[in-house]
Amino acid sequence: MAVAHEMEMESVNLNMEREGKEEPEEEKMKGNGEGKDFPRSRKVHRIVSKWMLPEPVRRTYLERANCLPPPLFIILISLAELAVFIYYAVWKPQKQWITLDTGILESPLTYCPEKREEAWRFISYMLVHAGVQHIVGNLLMQIVLGIPLEMVHKGLRVGLVYLAGVLAGSLASSIFDPLKSLVGASGGVYALMGGYFMNVIVNFREMIPAFGIVRLLVIILIVASDMGFALYRRFFVPANGSPVSFAAHIAGGFAGMSIGYTVFSCFDKTLLKDPRFWIAIAAYVACLLFAVFFNIFLSPAN
């Protein structure tokens, strides 16, 4: 009887140990002061981690996931772009709303080759859009992709990639399409897509392989649609319209596939200690210096 009693007690102790080990991860986080917003936001974080991160670092993300700070960069930049569009489309009515007329070329925000000395235009052009389809496409992509990226990587890193794409877009346009104006946030949006695209390719088997092909097809479809509109704006716009450059799309994508990929692949690492980051920055700065030299001494717009 004593032996049976001891065996029963050992069985109870083992069960208690198992229960302790199987304590929900959310409860552990609550004990540490984390995850207080469970269960709704925890579910969102879990979904985001599956789409944005490879398997090895998802647990790390979930252990420290929170909404502080919230994804303010993408939200604020989207609101600013929408406000500028409303200003030019409603408060300063154009002849047509779907494709805004030449009024946007008079904006102090638009990148214009003949006003390149106003250096802010190399960044501020992202706030001006050429029509409803243009702004809806950019806002949709940067919200759907940018907010989850910012939840994972936070605003500083996402902002770095986004603005690197914007600046790369205007500088590339000044070289490869030097006589055309430039509007739209496509450089920044394509930088986010480029960084995410490279992460999906490199970590294809670890980022939900079943959905990997679907995600790639969605990205390709969006890029094809947006590039089609950009080419229309550049080459087939009506005579009374305002042709704009499309070089920002390509340059933004390359910025994303270099700087963006490095930034987004360093979720659980110190970015400044990653040699890939400095290689990407060095290449970016070299291209920037060449673009500045070209604009000062070689540009046909001089």
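Just so you know, glycine gets a Cβ as well, placed from its N, Cα and C.
Swiss-Prot annotations:
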type     : residues : note
ACT_SITE : S186     : active site, nucleophile
ACT_SITE : H249     : active site
COMPBIAS : 16-38    : compositional bias 'Basic and acidic residues'
REGION   : 1-38     : region 'Disordered'
TRANSMEM : 71-91    : transmembrane segment
TRANSMEM : 127-147  : transmembrane segment
TRANSMEM : 158-178  : transmembrane segment
TRANSMEM : 182-202  : transmembrane segment
TRANSMEM : 211-231  : transmembrane segment
TRANSMEM : 244-264  : transmembrane segment
TRANSMEM : 277-297  : transmembrane segment
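Looking only at other Cβ atoms within 10 Å, the busiest spot among the active-site residues S186, H249 turns out to be S186. Residues 52, 54, 77, 81, 104, 110-111, 125-130, 134-135, 138, 141-142, 145-146, 149, 158, 161-170, 173, 212, 215-216, 219, 222-223, 226, 230, 244-245, 247-257, 259-261, 263-265 of the same chain lie 6 or more positions beyond the ends of the transmembrane segment (182-202) yet place their CB under 8 Å from a CB of it. Only residues 6 or more beyond the boundaries of the transmembrane segment (71-91), in the same chain, are considered here, and those with a CB under 8 A from a CB of the stretch are 97, 100, 103-104, 107, 109, 126-129, 132, 135, 138-139, 142-143, 146-147, 150-151, 155, 158-159, 162, 185, 188. Annotated pair H249 (active site) and the residue listed as 'active site, nucleophile', C-alpha to C-alpha distance, rounded: 6 Å.
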